[in-house]
Amino acid sequence: MSKTAIITGSAGGLGKGIAERLANDGFNIVLQDINEALLLETEKEFKEKGYQAVAFKSDVSKKKEQEELVQFAVTEFGQLDVMVNNAGVDAVTPILEIGEEELSKLFNINVFGTLFGIQAAANQFIKQKSKGKIINACSIAGHESYEVLGTYSATKHSVRSFTQTAAKELADKGITVNAYCPGVAKTEMWDRIDEEMVKLDDSLEIGDAFEAFSSEIKLGRYQEPSDVANLVSFLASNDSDYITGQSILTDGGLVYR
């Protein structure tokens, strides 16, 4: 029987790239996003390519909806094998201007969403009496905090912490928990970060901030979705069975830990 993977935030961007790679690896795919129009478009595209894929619209920041997402996957495909907690949002704000609304939004989605995904998946793995893999979206910002990305960095440090804690607590149940830490990729998220940095610095033009970050990458190019998807594919495979609690950098040589 084919294995089943849930990928949250997979209507576009890195999440879509991860979902497509896992589909090519032979997984049944459960696409999740809050953007219903884009989600259904991606589901249609995947089915046209012959992938076993279904879509589920939900809000990852709601514990009940994360549980419903997992139950949907089990109803559709019989069981769950891999949970990729990919959904996340960013914010570009100087430290003295960070407010309650920003904190609430980013922590609800990036941190609460990840934790609720860990819980829902782990409970299902335990119910199935099967080993399982939980893979979280961290970031270079989970290893090093960045100016005007304070809230985002704080949420990703939290994801790294929950990844370690979950790995320690769930190891005796055969469940591994790891995270992937992307760097600078040409995605809508990075486009937004670039645009917001321009607003904060009159000397910058659109693209300058992205190029400044990219110029520090030792391998000489910005990240493609496939770079992240390749790592997630490994973490979802049996080849990673002896790895847990790690937040692995995939950034082309930008942050060294």
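Each position is counted from 1, following the chain as shown.
Placed from the backbone N, Cα and C atoms, the Cβ positions cover glycine too.
If you look up Swiss-Prot, you'll see 6-30 marked as NAD(+) binding site, on the strength of similarity to another entry. Sequence-distant contacts of L14 (NAD(+) binding site), defined by Cβ-Cβ distance under 8 angstroms and a gap of at least six in the same chain, are N86, A137, P182, A185, T187, P225, V228, A229.
In sequence order, Y152, S153, K156, V159, C181, P182 are the residues of the chain that are 6 or more apart from S139 (substrate binding site) and have a CB within less than 8 Å of its CB. As annotated by Swiss-Prot, substrate binding site applies to S139.
Positions annotated as active site, proton acceptor by Swiss-Prot: Y152. Counting Cβ atoms from all protein chains shown, Y152 (active site, proton acceptor) has 25 others lying within 10 Å of its own Cβ.
Taken from Swiss-Prot, the feature active site covers K156. In the three-state DSSP assignment, the secondary structure recorded for K156 (active site) is helix.
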Three-state secondary structure, which DSSP defines for S139 (substrate binding site): coil
